[in-house]
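Quick look at what TrEMBL annotates:
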BINDING   A56, A57, S58, D62, V88, G166, D171  ATP binding site
DOMAIN    53-246  domain 'tRNA(Ile)-lysidine/2-thiocytidine synthase N-terminal'
DOMAIN    281-310  domain 'Cytoplasmic tRNA 2-thiolation protein 1 C-terminal'
Amino acid sequence: MPIQCSTGCHKNAVLKRPKTGDALCKDCFFWVFEEEVHHTITAAKLFTPDDYVAIAASGGKDSTVLAYIMKLLNDRYNYGLKLVLLSVDEGITGYRDDSLETVKRNEQQYSIPLKIVSYDELYGWTMDRIVEQIGLKNNCTFCGVFRRQALDRGATLLKVDKIVTGHNADDIAETVIMNILRGDIARLQRCTAIVTASEGTIPRSKPFKYTYEKEIVMYAYFKKLDYFSTECIYSPNAYRGYARAFLKDLEKIRSTSIIDVIHSGECFSVRDGVKLPTQGICEQCGHVSSQPVCKACVLLEGLNKGKPRLGLGKTSKIREHLKRNDENLEGVVASDADTHKINIPKTINIKQLDF
Ligand code: SF4
Ligand code: ZN
């Protein structure tokens with residue numbers, strides 16, 4: 001016997017909602033999903049009328065649903081926003097070129113203009129060429145650092161007021177776990193913020209902060225949205241994979257684990273006296289950075305000098321390591337240390353440092 005929708009609308013339920021376990025019909029699921037995102041947006045006051053907002057669009061499920069729902073809520077509730085899709089082309093043949101075709105179709109389907117910025121034009125490197133140089137171990141470090149800045153640069157070119165990204169509740173909970181495991185207090189402190197905005201940057205927000213990935217997939221499926229579902233061909237990202245698997249295991253035992261981890265992350269506070277990085281401006285490119293030279297410039301310099309591994313690892317750890325060895329070793333300035341002003345001792349091969 002068919003199960004009735006638990007809202008009492010007298011239609012048959014077609015799904016069990018992962019977040020609450022409620023049996024819902026399609027229309028009631030759409031409504032509750034959209035209203036929850038609307039509530040997240042209004043409760044956190046993410047936008048003001050006339051904001052020009054860039055939707056970071058990769059063609060994947062999260063950003064496609066985000067683009068669809070931003071347009072829908074903007075129309076339904078008269079947010080008064082001007083929307084634009086902003087995509088980053090990392091230069092990954094057989095992956096990003098195909099997913100960008102999806103974004104181009106979304107541009108037509110949702111009547112939202114699209115701007116694409118590429119690593120090739122911004123940095124003179126594609127991910128295909130970077131992987132040729134460094135292999136498949138640290139490729140996501142390069143890609144993540146470059147993407148973050150590319151999105152900022154694209155947003156600056158467009159002169160938007162705000163950026164929205166499709167990060168969902170699962171992504172944020174994974175990031176909390178990863179930052180705890182890495183002891184990265186600075187990131188742990190800010191990774192649950194719904195808006196990140198440091199001085200001189202365009203604010204970024206996450207309207208899907210409390211939206212479960214499973215529900216985004218269901219929404220895209222039942223709405224028959226056009227999205228790209230293939231994994232990146234260079235996707236080892238093992239560390240996040242472990243955090244994800246761990247959370248999925250927890251979820252089997254305790255269905256609220258994702259939201260619980262996010263709430264825990266929100267409640268962490270850093271005790272007085274813990275030194276946190278201060279934000280400044282990169283001496284080379286002018287972007288916000290906690291170091292004199294930003295990570296993107298350091299990585300880029302390593303690539304351009306044919307020593308791509310030079311920029312990997314934390315600058316603070318490089319400094320610490322060198323301080324320990326400095327007393328009995330004669331220092332020379334190595335190539336990327338020109339930008340960091342760090343003395344690299346002659347006898348240490350930086351490639352062998354255990355970061
Ligand atoms: Fe870039 Fe890694 Fe993501 Fe591929 S999996 S798009 S290389 S960050
Ligand atoms: Zn820089």
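A Cβ is built for glycine as well, from the same backbone N, Cα and C atoms used for every other residue.
Location within the structure of each feature annotated in TrEMBL.
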residue	record	Cβ within 10 Å
A56	ATP binding site	22
A57	ATP binding site	30
S58	ATP binding site	23
D62	ATP binding site	23
V88	ATP binding site	24
G166	ATP binding site	23
D171	ATP binding site	20
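Secondary structure from DSSP puts D171 (ATP binding site) in a helix. For the ATP site, whose annotated binding residues are A56, A57, S58, D62, V88, G166, D171, the maximal Cα to Cα separation is 19 Å.
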